[in-house]
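Okay, so here's the structure we're looking at.
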Amino acid sequence: MEDQRKYGAYGTPQKYDPTFKGPIYNRGCTDVLCCVLLFLAIVGYVAVGLIAWTHGDPRKVIYPTDSRGEFCGQKGTKNANKPFLFYFNIVKCASPLVLLEFQCPTPQICVEKCPNRYLTLLNAWNTPEFEYYKQFCVPDFQKNKKGVAQVLRDGQCPAVLIPSKPLAQRCFPDIHAHKGVIMVGNATTYEDGHGSRKNITELVEGAKQANGILEARQLAMRIFEDYTVSWYWIVIGLVIAMVLSLLFIILLRFLAGIMVWVMIVLVILVLGYGIFHCYMEYARLRGEAGSDISVLDLGFQTDFRVYLHLRQTWLAFMIILSILEVIIILLLIFLRKRILIAIALIKEASRAVGYVMCSLLYPLVTFFLLCLCIAYWASTAVFLSTSNEAVYKILGDSSCPHQGQTCHPETFFNSTEAHACPNARCQFAFYGGESGYHRALLGLQIFNAFMFFWLANFVLALGQVTLAGAFASYYWALRKPDDMPAFPLFAAFGRALRYHTGSLAFGSLILAIVQIIRVILEYLDQRLKAAENKFAKFLMTCLKCCFWCLEKFIKFLNRNAYIMIAIYGTNFCTSARNAFFLLMRNIIRVAVLDKVTDFLFLLGKLLIVGSVGILAFFFFTHRIRIVQDTAPPLNYYWVPILTVIVGSYLIAHGFFSVYGMCVDTLFLCFLEDLERNNGSSERPYFMSSTLKKLLNKTNKKPVES
């Protein structure tokens, strides 16, 4: 009755099918609608990229441009002798829009040199100093009969000049510290040109935002220099990581059992030592003044070291560690058989990888496709961000019929609008644009990010289905490897693309939706950081936590659904349901296997990354005497070391992702094998002899007539 209730809640066990011999070859296309939707989305994505490439100019990220979009210092232009960019009001560069649009929302002009003195327009007006001041006004500026107020309203001159220095062709305030006080030039405050004085810190904030991307550029140049002299040794380090990853996978085949049990024993010993240490501290504090005060009486203390002088603290630690120790020992006693099954599956996965060795190279295909996705997303994002244009508006008195309309400063004075409104002016308003394309820029950026998530998840899903199909053909071969197809990996790849593109698109679409929601929540969280609404912060934290958990669950469900797709060729929803029910019918085995394999793979990654990282550290810091003179001189020795560490992790992760997919595939096949077959001559088990021995299962020999 208990089994019936369990199977009723989570479906019924797989029934015996005499025609089933592994991955089904006669299958049809699944989730065709999602396949069409993916195709249309890709067409739209390409169109967005083409439009962005037409309007955008990535040179705006690197080279300075004035408010009219003209590059400073470019040969053959009127700004050829004006290499530096000057901001009218650099304080406005502290706006968050700078990061999104790569532009400060203030008029900008190209100048021959940066200002070297404090000077306001009001003080310079009608004095000889105005000749110096005029070079920082808009090109071809003439006083005529305008007053200071009108010039400032028209945005033709800055209100104030501040001592500045050029940095990456931009003029930034000459900020320095004197006896701990931030100064620009020789002052700590400045006149804003409107009769009031402001603190230097406002300039600092503006300069920080505008200067951030420039400092990153200089850093990038030094890093590039380091790569040019150390790339050879970085490649050698990555090759060592690849060799170590292969050796670890080979060792798992023979030493998986020993490694698992050694780790379990070490965990028990560490917890045991923790209990002993807590008891010794508890006994040592006996009789000491103040050690018997309870935690509740002491209350909350910001210095947590105070609690270590209380006996109650060590007693609590000892109780917690003792409970953990007892739980682990009880789990080992009652789950020892399932741990042995997990070890046997890991060994079996090593054999499967050995028979399908080309599977270890498949992560290179995934890596290449992901690089294409990242490159297209990044380039499109940059082109979209640099699509904004300087927008000018007509500003005049209330009687002007053209008030607020868009204008062009080059032609405004000869236009009908200027004749209709003699007192009007064409003034810089903002960076953006008023076309439908410019109004849709934010939406296009979100679509760009969403498509990146969708395509990246699709590439990962394609790899998982391909590997699952190859390893499933190994498990369901009764005589291994004789009954396996000639090229299992290529056959699985072809089936995945030919029949299941729609299913892969469906699964990756669900995951992409959750991921883009998480990105939007992160953006909103950043916007709410300055707010004091505690309820909003609490709600945002809960939402972020929920969607993080949802993403993890969907990834787990998708992974197992792709295995079922690779084996049976069913659509995504059917495969996800069948995989979920199969796992829930064997939930304890799933939990044990998942944790054992995760722990083993984590150990392997740490071992490989740690070994190669330590070797790289000693080499690039000239601490290995044998090759001390061989190591190249560097600006930042952490650049090649960090590259080797990250690269080693990616290589190890690539190898272990193949191994992990193999274990998961064999595990699902193993569970189905137990439900489908009974070991008779008509329904023999497909599992290895080691697994059959652990489960006390045997295949009965056919009765000879």
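Counting starts with 1 at the first residue shown.
Every residue gets a Cβ built from N, Cα and C, even glycine.
Topology note: Lys595 and Leu668 share a membrane side (same topological domain name in Swiss-Prot). Asn199 is the residue among Asn199, Asn696 that Swiss-Prot labels N-linked glycosylation site.
Per Swiss-Prot, the residue annotated N-linked glycosylation site among Asn186, Asn678 is Asn186. The transmembrane segment annotation in Swiss-Prot falls on one of the ranges 80-100, 542-562, 563-583, namely 563-583. Taking pairs at least six residues apart, the transmembrane segment (599-619) and the transmembrane segment (563-583) share fewer than three Cβ pairs below 8 Å and do not count as touching. Counted as Cβ pairs under 8 Å, contacts with the transmembrane segment (232-252) are highest for 638-658 among 32-52, 504-524, 563-583, 638-658. The average pLDDT the prediction assigns to the topological domain 'Cytoplasmic' (336-363) is 84. Outside the transmembrane segment (315-335) by six or more residues, the chain places 264, 267-268, 271-272, 274-275, 278-279, 282, 295, 588, 592 with a CB less than 8 A from a CB of the stretch.
The stretch in 32-52, 256-276, 364-384 that contributes the largest number of Cβ pairs under 8 Å to the transmembrane segment (504-524) is 32-52. For the topological domain 'Cytoplasmic' (336-363), the residues of the chain that approach it from at least six positions outside its boundaries are 246, 249-250, 252-253, 256-257, 260, 264, 463, 466-467, 470-471, 474-475, 480-481, 484, 488-489, 588-589, 592-593, 596-597, 600, 654-655, 657-659, 662-663, 666-667, 670, 688, 690-691, 694-695, judged by C-beta separation under 8 angstroms. According to DSSP, the secondary structure content of the topological domain 'Extracellular' (525-562) in residues is 33 helix, 0 strand, 5 coil.
Proximity of distant same-chain residues to the topological domain 'Cytoplasmic' (479-503), defined by a Cβ-Cβ separation under 8 Å and at least 6 residues beyond the stretch ends, is recorded for 21, 23, 25, 27-36, 38, 351, 355-356, 358-359, 362, 462, 465-470, 473, 565-566, 569, 571-572, 575.
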